[in-house]
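Here's what TrEMBL has on this protein:
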- 339-398: coiled coil (COILED)
- 253-267: compositional bias 'Polar residues' (COMPBIAS)
- 109-224: domain 'DUF4200' (DOMAIN)
- 1-23: region 'Disordered' (REGION)
- 232-295: region 'Disordered' (REGION)
- 473-502: region 'Disordered' (REGION)
Amino acid sequence: MNRSGYDGGYDDGDVDNPFRIPPDEKIFSFKEEEKERKIEERDKNKSMKIWEKNRPTREGCLRKIGETDIEPSALAINPKVQKKINVGEAAGFTIPIERPKNKENRYKLIEKKREMFLVQQMLETKQREIQRLEDHAFMREDGLNCSEKMLAQDTNSFIAFFNDIKEKTQAANKEYENLKFKKAQKTQELRQINDEQTILVSGINKNLESLSIFYDYKIFLDSLAGKEIQDEMERRKQARKRRREEQERNEQFGQSQGRGFNNGKAQQSKDGKGKKIGGVGASNTAMKNDESEVQIPPKLREVIEESDDEYPIHFDEPDELLEIFSTLEEKNLFLIQQGQEAEQQLETKKHEFEKLKSEFNSEIGVLKGSKTEIKSRIVKTDAEKNNLENTSQDQQNRALDPHIYTKVEGQVKDLYQLGFAEKAEGKMGNASVIQLLNEVEKLIDGFLLDFQISENIDKETVQAESTKIKKAQRVQNREETKARELQQQEEKRRLKQEEKDKKQFIRLGRPIMNRSDKPVVTRVKEVKKVLTDEQIDLKKYLEV
């Protein structure tokens with residue numbers, strides 16, 4: 001905080017607290033502005049007449065004539081000068097003089113001026129704030145009066161609105177009660193209709209189930225009948241279908257003619273036609289209306305639509321059905337026998353396939369091993385061949401070293417002996433190196449062909465067979481575990497039976513007191529074990 005008591009919290013935009021003391025910069029700037037204003041006013045007064053001025057012409061007191069450089073206050077105080085003043089001069093000094101000026105420090109003067117300015121500014125600020133608060137209070141009171149009037153008006157309008165809404169609510173409640181009563185009546189009627197409909201639908205479903213059973217029987221009997229009877233039945237069915245289509249066309253024609261008449265006559269004509277048509281038309285319309293609730297299978301739809309209720313009986317005697325049943329039984333037995341034979345053949349084929357697969361797998365393993373070995377040999381021979389070519393290029397004019405030839409011949413013979421172990425003894429003596437190389441090349445070609453054949457085998461079949469083998473192994477392991485569990489259960493049962501046999505005779509009553517034997521005291525000889533240093537270290541650091 002500085003000397004003026006300002007703590008630096010004043011801001012030009014801070015108008016919330018008008019009583020805060022302004023900083024020194026504001027005070028000095030205000031003084032400068034006041035000084036400039038006075039200078040401007042003095043310059044303006046210079047060009048004005050005396051009667052146009054709004055202020056007195058003399059501000060300070062007059063001085064003595066001839067002593068302009070001496071202040072009047074000093075003349076009045078100095079006794080030496082005071083003795084020289086005559087009456088006329090004293091009369092000249094009757095005008096009011098200035099107050100005696102006390103020499104003060106510049107800083108004190110500035111501080112006093114500052115305090116005076118602050119007091120004046122504080123009073124003006126208080127006055128302005130009081131005026132603002134009075135205006136605010138007046139406006140607030142006026143606003144409260146207006147709000148009170150508006151609130152009274154709103155209260156009256158709300159009471160009127162509430163009364164109106166109350167009357168409408170009572171009327172709506174009465175209407176709601178009436179509609180609710182009507183709805184309850186309609187709901188009760190609808191519930192009764194739904195109950196009746198569910199009973200009818202359940203009866204229809206039961207009849208459809210029995211009809212489907214009888215229809216299956218009818219189809220079976222129709223299939224057992226002869227060809228002539230089946231042709232006769234098909235002819236009757238087509239005739240019924242044509243008759244039904246003709247009735248539907250007549251009905252549609254009658255409906256199209258009835259469109260020109262009034263609604264009453266059209267309804268009477270429809271009722272009369274419905275009565276004339278009979279059971280077929282009525283059954284069709286009922287079936288179409290109930291399709292949304294009753295699911296009729298398509299095989300029964302034709303049976304329901306047919307108008308004939310009587311079906312001819314194809315078999316009058318039971319012997320005919322017994323003969324047909326015996327023939328069907330013989331056919332069934334023959335088919336079962338054929339299926340068993342086919343399953344047996346399939347099992348034999350599977351065993352043969354497994355055997356061939358195992359043989360081919362073993363051969364493939366041997367061929368793969370020989371292939372890798374031959375490939376390594378071929379790589380070695382290629383390297384030696386490259387070396388020989390290089391040496392031949394360097395030494396074109398020199399003769400071949402007999403040691404290299406013998407070395408190559410020995411390697412070719414070893415390779416031939418590896419490929420033809422059985423035939424090598426007879427041919428190696430007379431055959432040359434080129435012939436042996438040709439034989440080895442043929443053998444390698446045969447191995448490569450076998451390897452290509454083995455690679456072209458279908459992987460899916462091999463995988464399927466491997467899954468079957470794994471499945472059979474799992475089944476076998478499962479059976480072994482079951483057999484082991486059964487054996488353990490039998491062993492437990494046997495032990496329990498032995499325990500029961502031992503406890504057959506149980507004595508009841510007071511037990512017999514037998515004299516106890518003299519206890520045998522066994523002395524245990526303590527043996528002190530002597531450990532070596534290595535054992536002590538192991539026991540100390542390694543044993544837990």
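From the backbone N, Cα and C atoms, a Cβ is placed for every residue, glycine too.
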Just give the helix, strand and coil counts over the domain 'DUF4200' (109-224), going by DSSP. 116 helix, 0 strand, 0 coil
What is the three-state DSSP composition of the region 'Disordered' (473-502), stated as helix, strand and coil residue counts? 30 helix, 0 strand, 0 coil
PLDDT averaged over every residue in the coiled coil (339-398): 79
